[in-house]
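Student: Quick paste of what TrEMBL says about this protein:
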type	residues	note
DOMAIN	33-320	domain 'AB hydrolase-1'
ACT_SITE	126	active site, nucleophile
ACT_SITE	297	active site, charge relay system
ACT_SITE	330	active site, charge relay system
C-alpha cells in the first residue's frame with residue numbers, strides 16, 4: 001500500500017489483515033484499525049522483529065485488529081517522491097514537523113478510508129510519540145479519525161535526556177549546524193556520521209563500548225537474536241534537519257517547530273521571530289491516551305515524562321492511562337521478549353475500553 005503526502009513524498013504502509021487463525025479484514029469488515037508508527041532511525045520492521053508471539057504487529061493481528069504499519073519518509077521503504085530523488089538535497093529538507101503535519105495525516109487518512117472509515121487506534125514508539133503529540137496538540141482535523149493513542153517510551157520534553165552520547169551529539173549539531181545541514185541526509189552508516197561518532201566516543205564521560213545502550217539506556221530484556229535482527233535492518237536514515245531540530249529541543253527544553261536560527265527566516269516561515277510552540281496541554285481532555293515509560297530509558301527520561309504527564313493532568317482519569325516499568329529502557333518497548341505481557345497486554349486492554 002502506498003500513499004502520497006501533500007508535499008509529494010511516497011510512503012509505504014504494510015497491512016496485516018489477518019491473524020494466524022485466518023479471519024481477514026476486508027474493506028470495512030468490522031475490524032478495528034491500528035496504525036503503528038516507528039521511532040527515529042527505525043522503520044516499520046520495528047514492530048515485526050521478534051517472533052510472531054512477541055511482536056506487536058502480529059499480536060494485534062492475532063487479536064482481531066486490522067494492522068497498518070507506517071514507514072516515514074527517508075526510510076528504506078519510503079524513499080519515493082513525485083518529483084525529487086533521494087539523492088537531491090531538497091528531498092531531505094524536513095524535520096519531525098513534517099512527519100506530524102504531512103506523513104501522519106496521509107497515512108492515517110489512508111488507513112481510515114481503507115478500513116471503511118472506522119476510527120483508528122494509534123501506537124507510536126519514541127519519535128512516533130512526539131509526532132502524535134504534536135499533531136494532537138495542533139488540533140489537526142485528522143485527530144477526528146483517531147480512537148486513541150498508545151505512546152511507548154514517550155518523547156515530548158527532551159531537556160533531561162541522560163545519555164552522554166546523545167547530549168554530546170546535540171551539542172555538536174547545534175555548534176556545527178551549518179556544516180551538518182549541508183549534508184542533508186543523516187545516514188547512520190555513512191562516513192560523516194561515523195566520523196561524528198568516533199569523535200564523540202573519545203570525549204570524557206562517553207562510553208561507546210555498547211553503542212546501542214549508550215543511546216537507549218540499559219535495556220533489560222532483549223535477547224541476542226532480536227538485537228542482531230535489529231542491527232541488520234536498522235539504523236535507517238533520517239534528515240539532518242530532523243537531528244538538528246531534536247538537538248534544539250534537548251538544549252531548550254520546549255516543544256516547538258524547527259528554529260531556523262535567524263529571526264528573519266523564522267518570520268518568513270512562521271510569520272513570527274521565534275518558532276511556534278506545540279502546546280501539549282491543548283490535547284482534548286477526553287481523548288484517550290496510554291503512556292508507557294521506562295525507568296532506565298535515557299532518551300525518554302523519567303523527569304521529562306513526568307513533565308509530560310503534568311501537561312496532561314487536566315485529562316479525564318478514565319482517558320489517561322499511565323504505566324511505568326522501572327527496569328525498561330528505550331528499546332525494550334519494541335524488542336523485549338516480555339513486552340507482550342508487560343506492555344502490549346495492558347495496551348490492548350486499554351484499546352478494548354475505547355472500542356466499547
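All positions are counted from 1 along the displayed chain.
Every residue, even glycine, has its Cβ placed from backbone N, Cα and C.
TrEMBL entries are annotated by machine, without manual review.
Note that this is a predicted model, so its numbers are computed, not measured.
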Student: Looking only at the domain 'AB hydrolase-1' (33-320), report the model's average pLDDT.
Tutor: 90
Student: Let me know how many other Cβ atoms fall within 10 Å of the Cβ of residue 330 (active site, charge relay system).
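Tutor: By my count, 28.
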Student: Could you measure between residue 297 (active site, charge relay system) and residue 126 (active site, nucleophile) for me? Cα positions, answer in whole angstrom.
Tutor: 11
Student: At the level of the C-alpha atoms, what whole-angstrom distance separates residue 330 (active site, charge relay system) and the residue listed as 'active site, nucleophile'?
Tutor: 8
